[in-house]
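Let me begin by presenting the structure, written as structure tokens, before commenting on it.
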Amino acid sequence: MLRIAKNLYTYRELIAALTWKNIVIRYKQAYLGILWAVLKPIMLMLVFTLVKGFVGIETGGLPYPLITFAALIPWVFFQESVSEGVNSVTSNANLIKKIYFPREVFPLTAMVTKLVELVISFAILAAMMIYYHVMPTLHAVWIPVFVLYTMIAALTISFFGAAMNVYYRDIAQAIPIALSLLMYGSPVIYPLSLVQKKLVIEQAAGAWSNDLYFLYTLNPLVGIIDGFQSVLIRATEPDLNVIYPGLILILVILPFSYWFFKRAESWFADVI
Amino acid sequence: MAIIEVNHLTKEYQLGHLTSLKETALNTMRRLAFQPVHERERFKALDDVNFHINEGEVVGIIGHNGAGKSTLLKHLANISKPTKGSVAVRGSIAPLIEVGAGVNPELTGRENIFLNGAILGIPKKIIQKKLDDIISFSELEQFIDTPVKRYSSGMTVKLGFSIATSLDADILIIDEVLAVGDLAFQRKCFDKMESMIVHQGKTVLLVSHNIRQIERICKRVILMDHGKILSDGNPSKVCGLFYTQSDDKIKTQSGGGNISSRKEQSGEIELISVELTNQQGNIVDKIAYNEDVTFNLKFKINNILEHPNFGFGIHTTDFLYLATEITEEKYKDQILSPGNYTLSIRIPNFPFLPGVFSIRVGVQAGKIARNIFYQENILPFQVKNTTEERTQSMSEGFIHLNGNWNLFHNLGDTQCIGE
């Protein structure tokens, strides 16, 4: 953890330059420019809102588009950071073969690039909140903490995935599938309260209900998304009970993931 | 204290592809059944390489393709890790391993300067300060705000070199970069490198196939072959060894069949064979330096030839024409009827310095001279050293002038003080 932070600082200029390159290149010959970055959560929100019209999802009296968008912001950030991060090493093969610098710069850069897009998404969320007359409260100070948590969760997967992808390109194929499955395992389309109601209150799965619920909360995205919605829209404290299983899991895996990446790093130039 | 220390450096690569799922499963089965598994073949790119380089040394690394030069540089630049042995580098390294590795085609020249600077680890402030120098050195003032994808390849390389040399590193690693750009820019890069070496006392490692350049700037040359250091030391000695090696290789290659040689013939005349004979009249393919030699060209003439004019020339293995002899008027009045002929040319004190050369032959005929036969690279032959001191070296040129030295004191009457 500390090593990552230290590298982030030492190589800040390099990360900044590569991030800027990523953004410039992606949108340079596009008329809409960086707006493309935020089109994805907006489109998803519109689709979900449309679906919700048929299915009917309990939102606790809050506007559904707002709830969904607040969930989509961390989700899209996480998803894009991971998929970019996993590909970041292989897509920079020419640099890896020519110049040495710590290779974790690549997954870090992928994440920082998405951070820029995240900021724009927040601007849109702010506009929506004004439209729906939902004002942020003091609880919004939690947001940076959740963003940091999302970054750590994304990095945990990126480090391992990026290193594995150098050896087995299967990873890059598998990640989009795994991520789209994970979306249904996270409270993006539906609020967490729905799951809690089914499993904790109604004990819908019988004796397994509590175990299943614990398994569900092991997904760090559950805590993150619910946290985002709580502190921004519902104006309440985040529910720490939902957060800690995922957080502990991530904090346990991260050192291993980073260690694996550093060990594999020595052979990147030979194998890539 | 050595700035670069390489001890017993060995690098192995596995040959072939990554094993597939099937192969992995089969190997696991074999392992469980205690049967030998299929291991992929290994290849030693570097084999127990040892050397030390002191601060301020300028070292050239030469060798054939695949000798391990670039692999060695990759280890010095920390890009690859050794299989065995160690590499210790004390100081910052500026890798020029293929200039312009980080140049991105979508960005403009100016943007690329900043990006590459960051990749090479130059702080932004320093780039800002050096920006004008970099741009003016690259000669791209007019195009600096144009995306690099619209540059010519030479322009891209100019940009890359300008950025890389602006870096203040202790050690410069240069891999085949000077083979790019136009002649004027090559000259400029060369001067810049020389000034970096001479005035700033940098340690430089240079890999190139241009042995002439290496001989000129390096104080020490390492010759590599099949992953091993074959020779290490004085540039002219090591380069000489390399030349001998290359010449042998070229001779065996061109002996088999004339690959890239030009051949034109009308059928009126055929060249049957060419023989090279030495002083004693024996047919040879190696001659001693400064020997008297004779070339016998055996022709078969199919049609009557009027006013024949024969040409005979010597060229290097890379087709640099060195000398040509033409019969001109000598057989002009002859009319050659069909049959076999031998044309011989004797060259006393063969004037070429040791190396591999080849010959070309041309024939013209007719009142209005027509080319009826022309062929290059007909007979490769080698000129050997007679003495050890006279090492074979490009820096001496090709030709022995056979001059006489005289030294006079210009005061008073002309008195010879030494000859």
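Every residue gets a Cβ built from N, Cα and C, even glycine.
Under the heading transmembrane segment, TrEMBL lists A:30-55 (among others). Same-chain neighbours of the transmembrane segment (A:30-55): 23, 64-65, 68-69, 72-73, 76, 116-117, 120-121, 124, 188-189, counting only residues six or more beyond its ends whose CB sits under 8 Å from a CB of the stretch.
The annotation domain 'ABC transmembrane type-2' is assigned in TrEMBL to A:32-264.
What TrEMBL records for A:61-78 (among others) is transmembrane segment.
Nonlocal intrachain contacts for the transmembrane segment (A:115-134), taken as residues 6+ away from its ends with a CB within less than 8 angstroms of a stretch CB, comprise 19, 23, 34, 37-38, 41-42, 62-63, 65-66, 69-70, 73, 76-77, 80, 147, 151, 232-233. Here TrEMBL flags A:115-134 (among others) as transmembrane segment.
According to TrEMBL, the feature transmembrane segment maps to A:140-162 (among others).
Sequence annotations record features per position, and here TrEMBL assigns transmembrane segment to A:174-193 (among others).
What TrEMBL records for A:213-235 (among others) is transmembrane segment. Non-local neighbours of the transmembrane segment (A:213-235) in the same chain are 60, 62, 66-67, 70-71, 73-75, 78, 125, 129, 134, 136-137, 139-140, 142-143, 146, 149-150, 153, 182, 185-188, 191-192, 195-196, 199-200, 241-247, 249-250; each lies 6+ residues outside the stretch with a CB under 8 Å from one of its CB atoms.
Sequence-distant contacts of the transmembrane segment (A:242-261), counting only residues of its own chain at least 6 positions beyond either end whose CB sits under 8 Å from a CB of the stretch, comprise 1, 3-4, 103-104, 107, 149, 152-153, 155-157, 159-160, 162-163, 192, 214, 217-224, 226-227. Feature annotation from TrEMBL assigns transmembrane segment to A:242-261 (among others).
Same-chain residues lying 6 or more positions outside the transmembrane segment (A:140-162) and placing a CB less than 8 Å from one of its CB atoms are 4, 74, 77-78, 81-82, 85-90, 104, 106-108, 110-111, 115, 118, 171, 175, 220-221, 223-224, 227-228, 231-232, 238, 246-247, 250-251, 253-254, 256-258, 260-261.
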